[in-house]
Amino acid sequence: MIITFLCILAVDFRIFPRRYAKTETYGTSLMDLGVGSFVLANSLVSRQARNIASVNWKTAIVSTSPLIVLGFLRLVTTTGVDYQVHVSEYGVHWNFFFTLAAVSILTSFVNIPPQYSGAFGLLVLVVYQFCLTLGLSTYLLSSERGMDIISQNKEGIFSIFGYWGMYLLGVQLGNYLIFGSHSSGLRSTRWVRMRVWILSIVFWLLTVFLDKHVERISRRTCNLPYVTSVLADNLQLLSILMLGDLIPGSKTSVLEEALNRNLLATFLLANILTGLVNLSVDTLSASSITALSILAVYAYILSTVIGTADYFGVKLKFW
């Protein structure tokens, strides 16, 4: 998340390497991973992965209301100040907040036990990929749009199926690796570490195969190769971090703990500060020194606000 906070502003400056910016149609980059990683991280530690009783649909809508509100706020503010938005990413009116809310509501409506969520998620992804191969992908990646709401937001609406399938796979992985009956003790830690490494290798091999023989990786459509690449990348990162458990000492910094307690609020503040910088500064013409200075001040303000809130025990959660 800290990398995400820095990248969403840094990408607006020329100093940011273009190879790390989001791809337009097919391919992978650092910032392409952010969206999928956010969904996967949520699923690995979700209520479903913990095998906690599922909430009803009314409670689900209430719990996702902040995401829906933030989605509309982003839409209104970006439209009101004529803020630059890449329509090809999610559509004219859609944004990632709506995608997160839709995935959460779908998961609550279709209540699946964690031990079966992986199989159901794979079914969703295979059917969705089959539709993409038959022509849906061409429709989603084309620049032509109709006047109806679905055509205006085709990328965001249809990619929900990809993110939902990814979420369901993450639920089973979280239950299997983290919250299962084997999740305590030294032996189980080695067991989990070994399986995370194996799963990472399997998903990487699957990604290479799908990218070559089925369809190239595309974040915009959230196709099956993109899902497997996100799983492979995150499991590889997780496996490396798990090796850190072999080193004695503190595992989490004070700043990480502060961000973790107010994660959505931090993400919202980062988006607000990013918007203010873009409205105040011509980022494309800024020199390297100016860009680094702005990024340093931005990171300092973000860390100070969230750190201060955490120090005084303020939890910025209103739902």
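Backbone N, Cα and C atoms are what each Cβ position is placed from, and that goes for glycine too.
For the transmembrane segment (57-76), the residues of the chain that approach it from at least six positions outside its boundaries are 93, 95, 97-98, 100-101, 104-105, 107-109, 264, 268, 271, 318-319, judged by C-beta separation under 8 angstroms. Residues or ranges marked as transmembrane segment by TrEMBL: 57-76 (among others).
Marked as transmembrane segment by TrEMBL: 96-112 (among others). Listed as Cβ neighbours of the transmembrane segment (96-112) (distance under 8 Å, sequence separation of 6 or more from its ends, same chain) are residues 35, 38-39, 42, 46, 48, 54-57, 59-61, 63-64, 67-68, 70-71, 74, 90, 120, 156, 159-160, 163-164, 167-168, 171.
Residues 25, 110, 112, 154-155, 158-159, 161-162, 164-169, 171-172, 214-215, 218, 220-221, 223-224, 227 of the same chain sit 6 or more residues outside the transmembrane segment (119-141) yet have a Cβ under 8 Å from a Cβ within it. Residues annotated as transmembrane segment in TrEMBL: 119-141 (among others).
What TrEMBL lists as transmembrane segment is 161-179 (among others). Beyond the transmembrane segment (161-179), the same-chain residues lying 6 or more positions past its ends with a Cβ under 8 Å from any Cβ of the stretch are 35-36, 39-40, 42-46, 48-51, 99, 102-103, 106-107, 112, 114-122, 124-125, 128, 192, 195-196, 199, 221-224, 226-227, 230-231, 235.
The feature transmembrane segment is assigned by TrEMBL to 191-210 (among others).
Annotated transmembrane segment per TrEMBL: 259-277 (among others), in sequence order.
Taken from TrEMBL, the feature transmembrane segment applies to 289-314 (among others). Distant neighbours of the transmembrane segment (289-314): 5-6, 9-10, 13-15, 254-255, 257-259, 261-262, 265-266, 269-270, 273-274, 277, 281, 283; these residues of the same chain sit at least 6 beyond its ends, with a Cβ under 8 Å from one of its Cβ atoms.
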